[in-house]
Amino acid sequence: MSDTHAESVAFVRKTEIPPAPPPVTETGAIKWVRENLFSGPFNTIMTLLGLYVVYWLLSGVIPWILNGTWEGSSIRDCREIIGDTGGGCFAVLGERWNQLLFGFEYPSELYWRPTLAFILLFVTVPQVLFISLPRKLLILTGLYPFLAYWLIWGGSILIPFFALVGLVLGYAAFTRAERINFAAGLAAFVVAAVVAWWLGGFLTAAAPNFLALEAVDSRNMGGFMLNLILGIVCVSLSLPLGIVLALGRQSRMPLIKYVCVVFIEFVRGVPLITLLFVANVVLAYFLPPGTNFDLILRVIIMITLFASAYIAEVIRGGLAALPKGQYEAADSLGLDYAQAMRLIILPQALKISIPGIVNVAVGLFKDTTLVSIISMFDLVGMIRGPILSSTDWVGVYWELWAAACVLFFVVCYGISQYSQWLERQLQTDHR
Amino acid sequence: MAMADTNPQGMTVSDEVAIEIKNMNKWYGQFHVLRDIDLTVHRGERIVICGPSGSGKSTLIRCINALEEHQQGSIVVDGTPLSSDLKNIDKIRSEVGMCFQHFNLFPHLTILENCTLAPLWVRKIPKKEAEETAMYFLEKVKIPEQADKYPGQLSGGQQQRVAIARSLCMRPRIMLFDEPTSALDPEMIKEVLDTMIQLAEEGMTMLCVTHEMGFARQVANRVIFMDAGQIVEQNEPEPFFKNPQNDRTKLFLSQILGH
Ligand SMILES: Nc1ncnc2c1ncn2[C@@H]1O[C@H](COP(=O)(O)OP(=O)(O)OP(=O)(O)O)[C@@H](O)[C@H]1O
Ligand SMILES: [Mg+2]
């Protein structure tokens with residue numbers, strides 16, 4: 001404020017008047033409670049009932065947690081420490097934590113390997129999940145599956161290396177031959193990849209210990225790690241497969257269309273657990289004797305097929321929701337089918353489908369616990385089998401199942417929050 | 001029919017044939033939408049197509065860039081025959097621009113991206129050049145400042161102008177318009193028509209389905225009247241409006257100009 005101005009005015013307040021608080025009955029909390037919880041007799045009764053239910057729940061859960069013990073090496077120790085305070089026997093979680101996470105046969109001195117793989121997941125996957133990051137980092141994401149495989153299963157690095165080389169060569173061949181047409185591209189892909197894998201097989205056999213980590217058999221995978229492996233692998237595989245199925249279902253070529261329709265309808269019509277039994281038992285009959293077709297791989301294939309049928313239907317919904325004008329505009333600009341799909345149709349259809357896809361992904365992740373029924377020791381299998389049936393911890397139900405719930409909840413809630421964030425990021429249509 | 005070499009504004013029409021449709025027929029199932037259409041469009045010609053709703057105007061111009069298939073007769077665009085050969089179809093589509101009634105911009109891309117997409121992927125032009133071209137045409141339709149917005153943030157008139165710019169970025173030799181102004185409020189119609197008039201003055205070959213008769217009078221050198229899937233009458237704008245020959249044309253014009 002200028003001096004002249006200050007002189008021309010008799011009084012200028014130099015400080016701001018602090019706002020006076022409104023009367024107590026009109027301020028935030030009390031006003032809100034009065035208006036929202038006790039605004040009428042019915043509302044008052046519901047509020048009191050609600051309070052009672054909350055009290056009843058907390059009066060059960062809080063002593064259980066607060067009086068619980070984390071010490072002791074068996075349920076008998078727990079009982080001694082807790083007495084009849086109603087506390088929980090959380091000692092089992094500490095004692096068997098590694099088993100809950102890794103299963104009971106993964107060598108304990110190698111726990112760092114899956115742990116490292118899990119941490120690397122957070123380094124390499126954001127490039128896909130957060131669209132704002134530089135695209136070049138996607139290379140890291142592409143390398144991740146092979147690195148993670150090497151870390152978790154061990155063995156010579158040549159195995160994942162040649163798997164990767166085969167795919168890269170296949171892709172290179174595909175882009176060359178695709179100029180002729182798409183079928184030629186696919187054929188070139190298959191030939192290049194198979195040749196690379198075949199040669200790679202020789203080299204790997206020749207140098208089985210080249211940069212080898214101690215190998216861990218698939219049978220020894222277990223615990224929450226197994227759920228995460230199945231969940232992450234199956235979701236990542238079923239998304240592209242689902243897209244292909246959804247597009248195939250829209251195809252004008254009757255053969256492609258009906259193959260997709262039959263597949264989707266069949267898979268949706270049978271329970272996942274039956275597919276898992278098929279994977280476990282029946283496939284073994286069809287394979288030549290002596291072939292060792294990894295059980296986890298069989299299960300991954302089944303869950304992926306199952307989830308992809310659902311994802312295909314979700315994406316079909318998204319495709320159907322797009323106005324016809326989008327296809328026409330893409331066509332009228334001269335974009336070919338692949339370009340129109342990739343640049344115009346799928347980005348929009350997938351965005352519409354995010355809630356549905358996440359729904360399938362979360363459901364799929366939880367359904368991975370079904371493998372406990374075909375005697376794999378995932379988190380649920382571990383609790384049901386080795387832990388609860390051990391003499392030390394027989395009967396410690398609540399604590400173990402609560403822990404399982406918490407682990408699953410954290411992951412599923414995370415996925416859900418991420419998807420909501422992603423939807424907001426992609427909100428560009430300003431409707 | 002008299003073919004003018006120039007129209008009142010002095011815009012020239014060459015002898016070169018841009019579109020040649022011969023004896024074209026189209027059915028939707030049992031329904032005969034287009035009957036024996038014969039139409040020759042010369043380079044630089046500006047043709048306005050009008051007619052009652054359901055007469056097949058949209059279907060006709062959508063056949064020209066193969067958004068709809070025709071079952072009989074031939075269509076040759078810029079010397080390329082329209083057959084089921086995908087290569088020909090893609091070639092024709094990249095030479096023929098089209099603007100729709102509902103703009104059909106891509107809502108997930110910015111205005112600039114909308115304009116550069118096809119040049120980048122179809123013409124394989126370097127990104128920088130594509131962006132320069134896009135800005136050039138956005139300036140031409142007078143909305144360069146909106147380049148980084150999304151279509152949903154623009155008014156209808158602005159969106160339609162972006163749609164025109166998007167087509168122009170492919171440097172088409174022919175432009176098709178399907179009722180470009182009929183989804184717009186009156187005050188926005190003018191800005192879109194001005195853009196189209198400017199385009200016409202630069203000698204673009206244009207086929208417009210529109211009921212803007214003022215536009216037809218000002219820029220068209222031929223007005224075509226369609227009814228029930230047929231071209232019923234065609235003439236230069238002056239005689240077409242002053243002295244229509246066919247009864248159906250008279251009825252239509254009295255309805256559209258009458259009030
Ligand atoms: N996909 C379709 N299947 C069946 N009939 C159709 C289809 N599209 C259009 N028709 C019919 O073809 C006829 C011509 O349609 P068209 O859209 O070309 O009319 P139009 O002259 O553009 O009318 P408007 O002025 O209302 O846009 C109409 O009777 C319409 O019902
Ligand atoms: Mg129409």
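Glycine is treated like the rest: Cβ placed from N, Cα and C.
Automated prediction, rather than curation, is the source of TrEMBL annotations.
Owing to the predicted nature of the structure, the values given are computational and were not obtained by experimental measurement.
Among the features that TrEMBL reports, domain 'ABC transmembrane type-1' is placed at A:224-419.
Using a Cβ-Cβ cut-off under 8 Å and counting only residues 6 or more beyond its ends in the same chain, the transmembrane segment (A:45-66) has close neighbours at 37-38, 85-88, 398. The feature transmembrane segment is assigned by TrEMBL to A:45-66 (among others).
Taken from TrEMBL, the feature transmembrane segment applies to A:110-130 (among others). For the transmembrane segment (A:110-130), the residues of the chain that approach it from at least six positions outside its boundaries are 98, 101-102, 137-138, 140-141, 143-144, 147-148, 151-152, 154, 213-214, 216, 225, 228, 232, 418, 422, judged by C-beta separation under 8 angstroms.
The transmembrane segment feature in TrEMBL is assigned to A:150-174 (among others). Long-range Cβ contacts of the transmembrane segment (A:150-174) within its own chain (Cβ-Cβ under 8 Å, at least 6 residues beyond either end) map to 110, 113-114, 116-117, 120, 143, 185-186, 188-197, 199-201, 203-204, 207-216, 218, 221, 225, 229.
If you look up TrEMBL, you'll see A:186-212 (among others) marked as transmembrane segment. Long-range neighbours of the transmembrane segment (A:186-212) within the same chain, counting only residues 6 or more positions beyond its ends whose Cβ lies under 8 Å from a Cβ of the stretch, are 154-159, 161-163, 165-167, 169-174, 176-177.
The transmembrane segment annotation in TrEMBL covers A:224-247 (among others).
The transmembrane segment annotation in TrEMBL covers A:259-283 (among others).
Among residues of the same chain six or more beyond the transmembrane segment (A:295-315), those with a C-beta under 8 A of the stretch's C-beta atoms are 218-219, 221, 226, 229-230, 233-235, 237-239, 241-243, 245-246, 249, 260, 263-264, 267-268, 272, 275-276, 278-280, 283, 349-350, 353, 356-357, 359-361, 364, 367-368, 371, 374, 376. Here TrEMBL flags A:295-315 (among others) as transmembrane segment.
Look at TrEMBL and you will find A:352-377 (among others) tagged as transmembrane segment.
Residues or ranges marked as transmembrane segment in TrEMBL: A:397-416 (among others).
Note on the transmembrane segment (A:352-377): residues 103-105, 222-223, 226-227, 230-231, 234-235, 238-239, 272-273, 276-277, 279-280, 295-296, 299, 303, 306-307, 310-311, 314-315, 317-318, 321-322, 384-386, 408, 411-412, 415-416, 419, 422-423, 426 of its chain, located 6 or more positions outside it, place their CB under 8 angstroms from a CB of the stretch. For the transmembrane segment (A:224-247), the list of distant contacts is 100-103, 106, 114, 118, 121, 145, 152, 260, 263-264, 296, 299-300, 303-316, 319, 341, 346, 350, 357, 360-361, 364-365, 368-369, 371, 376-379, 407-408, 411: same-chain residues at least six beyond its ends, Cβ to Cβ under 8 Å.
If one looks beyond the transmembrane segment (A:397-416) by at least 6 residues along the same chain, the residues whose Cβ comes under 8 Å of a Cβ in the stretch are 64, 68, 88-90, 92-93, 100, 224, 227-228, 231, 358, 361-362, 365-366, 379-380, 383, 387-388.
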